[in-house]
Amino acid sequence: MDFPFSAIYNNVKNNCKGGKNMRKLYIDNIRWITVVLVVLYHIIYMFNGIETFGVIGPFSDVQYQDAFQYIVYPWFMLLLFVISGMSARYELEHRSEKEFIKKRTGKLLVPSTLGLWVFWWILGYYNLLIGGGLEQMAAVPKPVIFIIMAVSGIGPLWYIQMLWIFSVLLVWIRRVEKDRWWKLGEKADIPFLVLFAIVIWGAAQILNTPVVVVYRFGIYGAGFFVGYFVLSHDEVMDRLEKCWLPLAVCAVILAAAFTVLYWGRPYAEHSVLDTSLCSLFAWIAVIAALAFMKKWGIFPTH
């Protein structure tokens, strides 16, 4: 069970500030709305009838609420990585690369590594307890169990671990490309953005860890870097905003198709996640959310 969600909220919040002396209000609102979806997803997940690892299990024979998981799981974390990439660009407009890495190391790497051994092993203990893992490991030495609990307690920390890695890679890439790629990103039009779903599908096939499914370095890396190089341009977002309605309609249709076609199958496993339909749905949902919120999501959060 991946909680508490304040780890996701705080780290997305800290990396979603607008550039050029203004806040991107629609990004702020995407942030908190997506985190709310993550919370609702995990509440339903604990009682779902599809994925059985580390959950309490279903409370009825018919679980219509499980459809919510199919609707949001393919895209909500991809969306967070995209806006994290956009926010990295905004931050680097008024912060040196050295300051950027120093800040991100303090906010991302330290709590997501040292914190495992100090605090997050408690979450791992809870995960093993409700999943029956402690009973199965009765003969395993206690130090080994502690390591397993610490790793199992990663919870939402996987997101900030990957975000730190992408941030370091970004600094290296910036030193090579010197904004040449970023300037090319300004030319991206709607057909390019839609067809980028092909890249997302290809990225979903690579750099996946074999056991812990959430570490999808390929697709999340693609999301982060397209956020930085392409979607951080105001001109690109203005083009996207004009197409919010057809993109939203396409996202709804794809959500329905994905849910119906894969109902009852493990939506959080690579056998489903890496399919072309899942990748297409995930990407169209991401750009539809960005377009919709760019159009309608510019309102203060407090």
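Here the Cβ of each residue, glycine as well, is placed from N, Cα and C on the backbone.
Fair warning: this is a prediction, and the values are worked out from it, not measured in the lab.
Annotation source TrEMBL lists domain 'Acyltransferase 3' at 25-292.
For 30-47 (among others), the entry in TrEMBL reads transmembrane segment.
Per TrEMBL, transmembrane segment is recorded for 67-88 (among others). Below 8 angstroms of C-beta separation, residues 8, 12, 15-17, 24, 27, 30-31, 34, 37-38, 40-41, 44-45, 48, 50-51, 100, 159, 162-163, 166-167, 170, 200, 214, 219-221, 223-229, 231-232, 255, 258-259, 262-263, 267-268, 273, 278, 281-283, 285-286, 289-290 of the same chain, each at least six residues beyond the ends of the transmembrane segment (67-88), sit close to that stretch.
Annotation comment: TrEMBL describes 108-126 (among others) as transmembrane segment.
Feature annotation from TrEMBL assigns transmembrane segment to 146-170 (among others).
Look at TrEMBL and you will find 190-207 (among others) tagged as transmembrane segment.
Among the features that TrEMBL reports, transmembrane segment is placed at 213-231 (among others).
For the transmembrane segment (243-264), same-chain residues at least 6 beyond its ends with a Cβ under 8 Å from one of its own Cβ atoms are 50, 67, 70-71, 74, 190, 272, 275, 277-278, 280-281, 284-285, 287-289, 291-292, 294-296. Marked as transmembrane segment by TrEMBL: 243-264 (among others).
Taken from TrEMBL, the feature transmembrane segment applies to 270-293 (among others).
A mean pLDDT of 89 is what the model gives for the domain 'Acyltransferase 3' (25-292).
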